[in-house]
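Undergrad: Dumping the structure here so I can ask a few things about it.
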């Protein structure tokens, strides 16, 4: 559990500076990736190398076949995936924290009073307010989401190229230093295949959430523009009517 201690704490703070869809993404990351990986996946793959058996006594042949069949351990691959996919969010969090501290230095007293009011209102409600995105924070958040989309796609393709969508119970190997073709066997291939499919589905859900979040951000950013333009047109129309009325009254006088 110590592997994700620091990352988990930082991601919890990232929830406070995320959109509603972003909060769901963080929850999916915790529950379906980090928690499942720590509790279940490591137990399933703990015999990954010890129970990888080949029908040969050739020195080094079994190790060579294992390295050829599994270039990267599934568990280590998923840990690396979580770290890489979380990195854009952590970078965005660092940017927001730095920006907030800079603003606090210029307006400390006002910010302190506002924080006290926010803490009082947050006690009455369990729902985390959605932090408004504007200016540089909005641009950084876009970079954050787009980076996560690209990383999810890259790791999905990499996992498919390395392992496919499941494990076979038997693999043929002609890897050096094997002198002839040998047959190697994997322990619990069905159980491990279920976990592989599960992690792939979670990756697809995470990718979908990031795409939805990107659409949500742009929708929320630009939905106010037509309204504001319409309001401005109405104000201009009303002011022109008032000016016309004043002109007619002045002519009568």
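Every residue gets a Cβ built from N, Cα and C, even glycine.
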Undergrad: In TrEMBL, one of 77-97, 98-118 is tagged transmembrane segment. Which stretch would that be?
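TA: Of the candidate stretches, TrEMBL labels 77-97 as transmembrane segment.
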Undergrad: With TrEMBL as the source, which of 168-193, 194-219 is set down as transmembrane segment?
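TA: Checking TrEMBL against the ranges 168-193, 194-219, the transmembrane segment one is 194-219.
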Undergrad: Transmembrane segment per TrEMBL: which of the ranges 21-41, 42-62 is that?
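TA: Going through 21-41, 42-62 one by one, TrEMBL flags 21-41 as transmembrane segment.
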Undergrad: Suppose you look only at the domain 'Connexin N-terminal' (43-76); what would the mean pLDDT be?
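TA: Average per-residue pLDDT within the domain 'Connexin N-terminal' (43-76): 86.
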Undergrad: What same-chain residues lie close to the transmembrane segment (149-167): Cβ under 8 Å, and 6 or more beyond its ends?
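TA: Distant Cβ neighbours of the transmembrane segment (149-167) are 70-72, 74, 77, 81, 84-85, 88, 186, 189, 192-193, 196-197, 199-200, 203-204, 206-207, 210-211, 214.
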Undergrad: Helix, strand, coil: count each for the residues of the domain 'Connexin N-terminal' (43-76), based on DSSP.
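TA: With helix first, then strand, then coil, the domain 'Connexin N-terminal' (43-76) has 14 helix, 2 strand, 18 coil.
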